[in-house]
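The structure is given below, and queries will be raised subsequently.
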Amino acid sequence: MAPSAWAICWLLGGLLLHGGSSGPSPGPSVPRLRLSYRDLLSANRSAIFLGPQGSLNLQAMYLDEYRDRLFLGGLDALYSLRLDQAWPDPREVLWPPQPGQREECVRKGRDPLTECANFVRVLQPHNRTHLLACGTGAFQPTCALITVGHRGEHVLHLEPGSVESGRGRCPHEPSRPFASTFIDGELYTGLTADFLGREAMIFRSGGPRPALRSDSDQSLLHDPRFVMAARIPENSDQDNDKVYFFFSETVPSPDGGSNHVTVSRVGRVCVNDAGGQRVLVNKWSTFLKARLVCSVPGPGGAETHFDQLEDVFLLWPKAGKSLEVYALFSTVSAVFQGFAVCVYHMADIWEVFNGPFAHRDGPQHQWGPYGGKVPFPRPGVCPSKMTAQPGRPFGSTKDYPDEVLQFARAHPLMFWPVRPRHGRPVLVKTHLAQQLHQIVVDRVEAEDGTYDVIFLGTDSGSVLKVIALQAGGSAEPEEVVLEELQVFKVPTPITEMEISVKRQMLYVGSRLGVAQLRLHQCETYGTACAECCLARDPYCAWDGASCTHYRPSLGKRRFRRQDIRHGNPALQCLGQSQEEEAVGLVAATMVYGTEHNSTFLECLPKSPQAAVRWLLQRPGDEGPDQVKTDERVLHTERGLLFRRLSRFDAGTYTCTTLEHGFSQTVVRLALVVIVASQLDNLFPPEPKPEEPPARGGLASTPPKAWYKDILQLIGFANLPRVDEYCERVWCRGTTECSGCFRSRSRGKQARGKSWAGLELGKKMKSRVHAEHNRTPREVEAT
């Protein structure tokens, strides 16, 4: 078996052992708090903007915190929303395709509804008063400048004289992945620039310099799927700034076979790249790329790789620290589907680009480090003070020797891969019912340290709020899912996510619309100190009276209680109710069950992460015993199910939860078992009168009462008795029963006995709220 197959089997085996265990606790991978779409709206935690037509068909989103605006690109339109209000006064600019473009798109065989329109896909800041917007233009990409005004103004209109071709800036298709960033008046874009989507390139355009693009050599880009582009400075010398592209590509198998594999890359080009003078004219002369590795170590050195790059978030640090790259990956294996989050230090990426180049003698050979002499200036290095040395005036890439450019063209790949921090993912998800598409991160200062809160957007319209606790070294981090927030009413893939640390808001976009979501709402965790502490949310702390937002400036106050790493309320919440006190505070609720039938005792803990335990106190016993489950008694997620109730099951059941050593009582239920002999006494059998023969034809069969199906499903053993009782109740107060019951004289007799049935019902504490003249549902329908 191949090493990768061994790794997959090892990972699946571990997941099956973990997920299939009969332990009482689902673990911290289950969200502690689940909030539905309605819950978020009622708590005033989210605000939704769906556009004037009820659906935006969102394609692009740009968060401008300088202007306090959120700009959206949709179907034939752009929108501007103010951040200081919940979308009360949006601005809209209609931007349909130019005359004739839609018709030409249809003639070329494209779909008139989903493709032959202007899908606005690029929104980039152009200057202090304008945005650069580009759309697909019905498969004829178009760009224009959008006036947005100065800070404090809420204006939005398109400059008609600025409309120009967007080829090389925006994809032709509305669904094809791409990435772009705007730097010093120029747009850098990674995309497929042709109508058929086959010509992949990295393109620079829009400024005073000539346009620059990738070489057409297939060794540079193999069917890339661009995810992100960003300018990342390396030092104080701006001439050394580079634009980094994060993407996946499909390459030939490294073993020289005919198969292809998917790998993730980080590539870069210099901002001041001007191409070559004789070689690589108007082409990138500083392009390099390296592999991004995100894998789970397995036995024997085998690794399970997550090779498909889904999204990237740059966590900019405070002064003196290295930038961190959070990357979301997925598997491309047909065996199982999984997702992982890996974190890379930017210093490690720089080290790889300063390392050896990858080289092989031919397509059938293995890759190895280049062992020859590397020309000067080193290929991939930007023209700067380092290269403009006395006697070697390399002030521009056009001054680079031809051998440098030829080497750069032949060796764009680095030999060393970029490995994540601690050598493994900080988060692995392989048991999700949904897929993960988007990631943003917020670094939060808590009482016991600093934590990175990860927000993950799914394909079902929900957001997962997660923290990963690293124990140190290469140990596997502990994953804690804090919340699962259903942002949109209808399940829809989340395609855009932006975070505003200043406003403590998350902006979530989908094809339907955009939502403004608070990063935290601490009071939803509960009203007790223990519940606030067990939540382990870095945003929240107990202030002595309630669970509120933690502010580091106030963190030194004595009564601020917070424990993210351990979540131990016993240490943080002294004087709170213990288990024995909690049992006495929860009143017991009476529950009745019938012998030999099924009965369900419901227990819904506040936290799905807690371990649930059932205790039974039988009459006469000194203390409670733990309920033992078997084929007859089942422990489900929502409570305790008795498939066949016994008279010995009577007693007081206490449902308790245990989480991080803290136990609390959820519910107490006093189960009273009604034995079968008692039912026989309550409903004595009566002789059945002879039925008159049918008048010709087939004998008519009375319709079956609706309640009989339910009683048969739960295995009720005294169906004739209940049937008899129900007929008496329905016939009470009427002069004639329905045709599906007995004769009129029989109904009069039943009316006389119906009061006895009511008295019996009172003794059984049954709750009958039906009206006096209620009839079976089947009779009402006739």
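Here, residue 1 is simply the first one shown, and the rest follow in order.
Glycine too: its Cβ is placed from the backbone N, Cα and C atoms.
Summarising the annotation, Swiss-Prot assigns signal peptide to 1-22 and lists sequence analysis as the type of evidence. According to Swiss-Prot, the domain 'Sema' annotation covers 32-519. As annotated by Swiss-Prot, N-linked glycosylation site applies to Asn44, Asn127. Residues or ranges marked as disulfide bond in Swiss-Prot (evidence: similarity to another entry): Cys105-Cys116, Cys134-Cys143, Cys270-Cys382, Cys294-Cys342, Cys522-Cys540, Cys603-Cys655. Summarising the annotation, Swiss-Prot assigns domain 'Ig-like C2-type' to 569-671.
Provide an account of the burial state, proximal residues and distances for the features listed.
In this chain, no residue six or more apart from Asn44 (N-linked glycosylation site) has a CB-CB distance below 8 Å.
In the three-state DSSP scheme, Cys105 (disulfide bond) is classed as helix.
Asn127 (N-linked glycosylation site) falls outside any helix or strand according to DSSP and counts as coil.
Sequence-distant neighbours of Cys143 (disulfide bond) (same chain, 6+ residues apart, CB-CB distance under 8 A): Val122, Leu132, Ala133, Cys134, Gly135, Ser162, Val163, Glu164, Ser165, Gly166, Arg169, Cys170.
Annotation note: Cys270 (disulfide bond) sits in a strand segment as assigned by DSSP.
Taking Cβ-Cβ distances under 8 Å and a sequence gap of 6 or more within the same chain, the neighbours of Cys294 (disulfide bond) are Ser264, His305, Phe306, Asp307, Ala327, Phe329, Ala340, Cys342, Pro420, Pro425. For the recorded site, Cys294 (disulfide bond), the DSSP three-state label reads coil.
Cys540 (disulfide bond) is surrounded by 24 other CB atoms, counting those within 10 A of its CB over all protein chains shown.
In the structure as shown, the Cβ atom of Cys603 (disulfide bond) sits within 10 Å of 23 other Cβ atoms. DSSP assigns Cys603 (disulfide bond) to coil in the three-state reduction, outside any helix or strand.
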In sequence order, what residues of the same chain, 6+ apart, have a Cβ less than 8 Å from the Cβ of Cys382 (disulfide bond)?
Asp239, Asn240, Asp241, Lys242, Cys270, Val271, Asn272, Asp273, Thr286
If you average per-residue pLDDT over the domain 'Ig-like C2-type' (569-671), what number do you get?
86
Tell me the Cβ neighbour count for Cys522 (disulfide bond), meaning other Cβ atoms within 10 Å of its Cβ, over all protein chains shown.
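Looking across every protein chain shown, the total is 19.
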Other than its own, how many Cβ atoms are within 10 Å of the Cβ belonging to Cys116 (disulfide bond)?
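If we count other Cβ atoms within 10 Å of Cys116 (disulfide bond), we arrive at 21.
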What kind of secondary structure is Cys116 (disulfide bond) part of, going by DSSP in three states?
coil
Under DSSP, the domain 'Ig-like C2-type' (569-671) has how many residues in helix, strand and coil?
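With helix first, then strand, then coil, the domain 'Ig-like C2-type' (569-671) has 14 helix, 47 strand, 42 coil.
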